[in-house]
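Asks: Handing you a structure now.
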Amino acid sequence: MELMISLNPSYVEHMLCLNYYVSKFQHLIVTPRFYFIPGALSTEEQCYWIRESLKTFPQPPNRTNLTATYGPISDLFIAAKNQKILVEVQSSNGQERVEQNNVGENAHPGKFKFVDGSEIQKEERPKSTMAAALVRKLRWSTLGLQFDWSKRNYDVSLPHNKIPDDLATLAKKMAVPAMPSGEEFTAEAAIVNYYGPSDMLGGHVDDMEADWTKPIVSISLGCKCIFLLGGKTRDEAPTPMFLRSGDIVLMAGEARERFHGVPRIFTEGDQQDISGLVSELSDDDDHFILDYIHNSRININIRQVY
C-alpha cells in the first residue's frame, strides 16, 4: 500500500509533546482525509482504555445492546469477576421488582438482579444468565449523546453523561491533523464496539453527524483486525489494511463518504501483537480482562455530533 508522509510544523510539535514519534503519522494517499496513526497509544494507555471499556463505559446511563432486554445494568464487570448470576425476579404478588443498587436507578420496573449461584433455586436457572456470559455478549455501548439504533439518529432526550474528560482530551489531540484550520474537535458522543472471535462489522457509512468536515476518531484495542476502506458505492473494491492494538484512524470529509467495515479479527497464533498487553495485564485484578482480550477486539470511535 502506498503511503505518504504528510506533516506540518504545528502537528510535529503536537506529536512531540505527546511523546509520539513523528514517523508514526501516515496519510493514506488512496483516500483524501483518511489518516492512519499506527502505535499511537502506549501499552499502558491501551490497557487503561481496555479497562475503561469493560468497567466504566457500559455503566448507566450509557446504553448497551443488553439494555433492551435487561434494562440498565450497573457493575456488570464486577459481577462477572465475582461469578455472579443475573436472575429475573418477581415479588410474591406477581409484580416484578429489582434492587436498584444492582441494576441502576433508571432500570425498567423490577426485572433482574445479580445473585450468588448458591441463592438460585433450581426452577430459576432457566431465567438466569452468568454475568461473565453477558460481558461476552456485549456488542456496543454508547457514551455521551445516546444513539438510537432503530431510528439511526441521536436522541438528545435520553439521559446521558458527557464524554469522560480524559477520552475527550485524547480525541481532541488526535483529531488535530484532520480538523479544519483553526478549529478544535469537541467530543460529544462515542460508540464502543466489542468484537468476539466470530464477529464482524458490515460495510457502512457513518453519516449521522451534522458536519462531516469533523473527523471520527477511531481507537483500536486488543486483537488485530482487517479493516476495509471502500468507495462511495458498494461496487468499488475496498482497500484492506491491518489495525492493531494502539492504532488510531481518523476519517473526515471525503473519507466519511466511503463504505468501510471489519470482516474479521485475528485471535489465533502466538498473538505477538498483544504480547505487551499480556505482560501489562499480569496482576490478579486483571485476570478477567486478560482472559477477555486474548480473543476480543474493542473499538472506540469518538464523534463531534454538531
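Note: Cβ is positioned from N, Cα and C throughout, glycine not excepted.
Curation plays no part in TrEMBL annotations; they are all automatic predictions.
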Asks: Among His260, His287, which is the one TrEMBL gives for the Fe cation site where His204, Asp206 also bind?
Replies: His260
Asks: Starting from the Cβ centroid of His204, Asp206, His260, the recorded Fe cation site, name every other residue in that chain with its Cβ within 8 Å, sequence order please.
Replies: Gly203, Val205, Arg258, Phe259, Gly261
Asks: Determine the most Cβ-crowded residue among the binding-site residues His204, His260, using a 10 Å radius around each Cβ and all protein chains in the structure.
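Replies: Checking each of His204, His260, the winner is His260.
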Asks: Let me know how many other Cβ atoms fall within 10 Å of the Cβ of Asp206 (Fe cation binding site).
Replies: 17
